[in-house]
Every structure is written in structure tokens, then in C-alpha cells.
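Down below is the structure, laid out as C-alpha cells.
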Amino acid sequence: MDLLERLGLGGRRVLILHHDDLGLTHAQNGAYQALGLPTGSVMVPGAWASGVKGEDLGVHLVLTSEWPAPRMRPLTEGESLRDEAGYFPESLEALWRKARAEEVERELKAQIQAAAKLFSPTHLDAHQGAVLRPDLAEVYLRLAEAYRLVPLVPESLEGLGVPPPFLPELERLLYETPFPQVRFLDPYGLPPEERLGFYLDLAHLPPGLYYLVHHSALPTPEGRALPDWPTREADYFALSHPEVRRVLAEFHPLTWRAVREALF
């Protein structure tokens, strides 16, 4: 029996609406509180991780730090996870070229354990999909099982930028995992002016389990220190729009906490 059948939601349109990058800035945290949508994940190495309070929070596992500021450092001493200045690598390519799986495992454990001191985590996901190198994906799924947290597992790898050499092993892991798989939706790459239309078009989706990630941030000087601030503000304004709220109300809302209770 699949997850939706187990939850009595078979044949329904079900949506996990997920707020990424919490803990990164006050603007990100403020948008989470202002929108009143419960599900999101926290970047534990972020400066403002301790300021996030909510009912359905996960760990947004960090292995890269791509912005000029703020930069983030590992919680552990793994040399393969640091650049010359001691920060996480700036790109997935740099991470995947250098990272040792045993050091990644220690770092992810440290982030999960630190998160548990701040809130009661329900789920795991990874910033920039950093665990899509197959050996790191195995670590990610193993830690999810060990800590009884639900991992984000996409139904398809299409459009996620996975290097072709990684695909066969990742597809095997997807096939074998006991965790539920979701239809992954992420408007991050769309121009900000197209964001509202993207959310309104959700009205046309067929039944299924959807995971929609957004990066909403308040319009503040601090939030605008990030180079991608227009896309973050576009998410915030779109999700505040009454017509978008009407479209979202047509879905059955689901939290990772409810999924976790069903699985564990």
C-alpha cells in the first residue's frame, strides 16, 4: 500500500508545501512566520538557525555555501568539506570532487544532532541536492532510517541536474528505498515575474503527492544582501496572494510530521 492509500488520501491531490533555507537570514525566518505555513527545513550551520520556531521543521543538510555572504562552515573538522578559507565548498562540483563519504556522514550526523537541540525534527533534505552523489545518497538514506526522519526522495531525477555518471546508481537507490517518493516542484529557476503564474497553474495538476519547495523571504535590506533576493521575495509575494491561497486550498495539505507518524 502506498503512502496516500495508507493515509486514506488515494486519488486526491496532496501537497507538502516546503519552505527551504530557514535559518539563513532573518528575512527567511520572518517570511516563515508571516506566511503561517508549517513545513520547512533549517540550515543548522546558518547564523539564525536558533530563531526558527515551528511545528513541522526538518534539517536542511548543508554541504555547500554558494553565496559571497553569508558563508557557512562545517560543524565538524572534515578537511574534505572545506575550501581554502575553511568554508563549505562554493559549488556542487567542488564538493563532489573532494568530499569523503565518511567525513560527510560525520558532518550530517552533527547537523542532525544539533538540530534536535533546537527543535523536534521531522524530516531531512539537502541544500542544492548535495547528497546526489550516489555514495552520499546512501549515507543520507541510512541516516534518515537511523534517526527515524523522513528523507525527501523525488519520484524522478529528471531536471535535477544530476551528472549522467551518477544516474544508474541513484536510480537503483530510488527503486529500492522504502521511503515515499514525491513529485518534486521547484520554481526557483523561473524569472521572478513568472512566479505568480507558476503558483496559479498548480490548479491544473492531476491527483498525486506533490512536494513544492519555495524560498520565501521578507523584503528587507538584510534579505537583499543575497544575490538571489528577487526570487525569494517573488515566492513570498506569490504565496501571500489571495488567488494563490485559493488554489492551494484545493489540495489536501500534508506535513512531514504526519508522514513520519505514518511510517514510524
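Every residue, even glycine, has its Cβ placed from backbone N, Cα and C.
Note that this is a predicted model, so its numbers are computed, not measured.
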Residue among Asp2, Asp21, Asp186 sharing the Mg(2+) site, where Swiss-Prot lists His60, His127 as binders: Asp21
Spatial neighbours of His60 (Mg(2+) binding site) that are distant in sequence (at least 6 apart) but have CB under 8 A: Asp20, Asp21, Leu22, Gly23, Ser41, Val42, Met43, Val44, Asp125, Ala126, His127
Non-site residues, in chain order, whose CB comes within 8 A of the mean position of the CB atoms of Asp21, His60, His127 at Mg(2+): Asp20, Leu22, Gly23, Leu24, Ser41, Val42, Met43, Gly46, Leu61, Val62, Asp125, Ala126, Gln128
